[in-house]
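Here is the structure we will look at.
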Amino acid sequence: MKNEKRKTGMEPKVFFPPLIIVGILCWLTVRDLDAANVVINAVFSYVTNVWGWAFEWYMVVMLFGWFWLVFGPYAKKRLGNEPPEFSTASWIFMMFASCTSAAVLFWGSIEIYYYISTPPFGLEPNSTGAKELGLAYSLFHWGPLPWATYSFLSVAFAYFFFVRKMEVIRPSSTLVPLVGEKHAKGLFGTIVDNFYLVALIFAMGTSLGLATPLVTECMQWLFGIPHTLQLDAIIITCWIILNAICVACGLQKGGRIASDVPSYLSFLMLGWVFIVSGASFIMNYFTDSVGMLLMYLPRMLFYTDPIAKGGFPQGWSVFYWAWWVIYAIQMSIFLARISRGRTVRELCFGMVLGLTASTWILWTVLGSNTLLLIDKNIINIPNLIEQYGVARAIIETWAALPLSTATMWGFFILCFIATVTLVNACSYTLAMSTCREVRGGEEPPLLVRIGWSILVGIIGIVLLALGGLKPIQTAIIAGGCPLFFVNIMVTLSFIKDAKQNWKD
């Protein structure tokens with residue numbers, strides 16, 4: 001009976017400060033767009049050039065941590081006493097779909113163009129060497145290295161959630177073993193949680209800022225509807241409504257509905273591109289790129305380009321590592337929630353092997369298709385970007401395929417539904433982090449989850465009003481800085497507590 005009377009409403013100290021901070025930042029940005037752009041460029045340059053090395057070392061250390069979990073003393077430990085909540089197939093699909101939105105399709109279709117037009121290591125733009133290295137860098141940025149980071153933190157949160165029976169899931173609640181209960185539940189812990197939530201809100205906004213133009217450009221191609229900010233707002237509203245429907249079904253039913261559809265559809269679409277684009281070339285290009293990745297891996301891991309100062313590692317590697325860092329806690333909480341009953345080794349291998357295969361397939365197929373279209377002069381990406389923007393260039397890479405109308409319909413549906421999954425995962429984590437007394441196996445209040453979806457949608461609209469990729473990239477970079485330290489503290493806290501309380 002006591003459990004029925006527990007208050008599970010929002011926690012004011014971690015609910016209102018992020019909203020106020022985000023509101024002030026958005027107001028200052030919209031108030032003077034020119035001044036905001038100056039600040040945005042300065043912040044991006046400072047963080048990537050001065051602190052880029054720290055992000056690179058973070059990823060390397062976390063990779064070694066993954067090996068320690070897989071082959072160390074906790075490998076066979078089970079995350080909870082219950083059997084797995086989801087089947088292995090649904091489990092993998094939920095993980096893949098939660099990390100695959102239209103924002104990922106955005107980069108998968110266009111990323112290789114930037115790599116070959118502004119290549120690393122002093123290579124000539126659009127040269128043979130640049131093209132040989134283009135896909136290899138995509139496999140590097142979206143391969144085992146970042147997934148190992150996610151799996152380590154997922155194990156940490158699953159341990160605190162299901163083994164230690166933690167009642168509240170937010171970063172500060174995991175820091176008790178490291179800083180003590182007084183500081184974890186006091187001002188220090190509140191500051192940590194607010195940094196996390198502010199960064200996460202902007203991260204979700206950036207994903208919507210990348211996803212929405214793809215959908216609206218699809219609508220312009222299919223229906224002739226002009227791409228406007230008002231149309232962007234309508235699309236975001238539709239995502240919020242669909243998310244509310246999934247939430248109303250509960251995590252298990254809603255999660256499966258939201259994840260299975262884009263997962264199956266994405267593999268169907270990728271299979272179509274693979275067949276009609278050139279299966280032989282794609283397999284040869286992938287095989288060669290794996291070899292290039294292995295050859296250049298040490299340089300890629302530690303590439304900061306301090307002498308030539310070409311800007312490639314700052315603009316791409318550091319940006320992507322900040323992207324992974326800023327989403328690490330949010331996604332790890334969600335992935336931990338659906339991994340109850342799994343062993344540590346099973347969770348680590350499931351994420352790194354399964355999700356690496358998924359992202360490598362996506363980037364290989366889409367990147368190879370874009371490269372073929374460029375080499376055959378079927379589309380002029382620089383001209384499309386200059387005249388219409390990046391989203392239009394991406395749409396044209398899909399429209400150039402056979403049966404273009406059917407292909408565009410498939411891409412439109414995939415982008416739309418996949419982003420619903422992202423919003424669902426993020427709203428769930430935000431609600432869990434801003435509510436009190438939510439225990440393992442329970443769901444946060446419905447209205448709180450829907451409320452966060454609405455608020456994040458507003459942030460996405462504001463970022464779209466700013467225009468361009470630089471504000472989106474800067475939001476990720478700036479948000480990744482405080483979470484860089486938060487992630488490290490969560491990791492150290494897990495290691496310390498596990499050594500004391502997770503013995504045979």
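The backbone N, Cα and C atoms fix where each Cβ goes, glycine too.
Annotated features, as they stand in Swiss-Prot:
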type     : residues : note
TRANSMEM : 10-30    : transmembrane segment
TRANSMEM : 51-71    : transmembrane segment
TRANSMEM : 92-112   : transmembrane segment
TRANSMEM : 143-163  : transmembrane segment
TRANSMEM : 195-215  : transmembrane segment
TRANSMEM : 231-251  : transmembrane segment
TRANSMEM : 263-283  : transmembrane segment
TRANSMEM : 316-336  : transmembrane segment
TRANSMEM : 347-367  : transmembrane segment
TRANSMEM : 398-418  : transmembrane segment
TRANSMEM : 446-466  : transmembrane segment
TRANSMEM : 475-495  : transmembrane segment
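The recorded stretches the transmembrane segment (263-283) and the transmembrane segment (347-367) share 3+ CB pairs below 8 A when only pairs 6 or more apart in sequence are counted, and are therefore in contact. Counted over residue pairs 6 or more apart, the CB atoms of the transmembrane segment (143-163) and the transmembrane segment (316-336) come under 8 Å in at least three pairs, which marks the two as touching.
With a threshold of 8 Å between CB atoms, the same-chain residues lying at least 6 positions outside the transmembrane segment (446-466) that come near it are 9-10, 19, 22, 26, 29-30, 33, 36, 201-202, 204-209, 212-213, 229, 232-233, 236-237, 239-240, 243-244, 247-248, 423, 426-428, 430-431, 434-435, 472, 475. Stretch with the most C-beta contacts under 8 angstroms to the transmembrane segment (195-215), considering only 316-336, 347-367, 398-418: 316-336.
Within the chain, the transmembrane segment (316-336) has long-range Cβ neighbours (under 8 A, six or more residues past its boundaries) at 47-48, 52, 55-56, 58-59, 79, 95, 98-99, 114-115, 137, 141, 146, 149-150, 153-158, 161-162, 169, 171, 196, 199-200, 203, 300, 303, 347, 351, 425-426, 428-430, 432-433, 473, 476-477, 479-481, 483-484, 486-487, 490.
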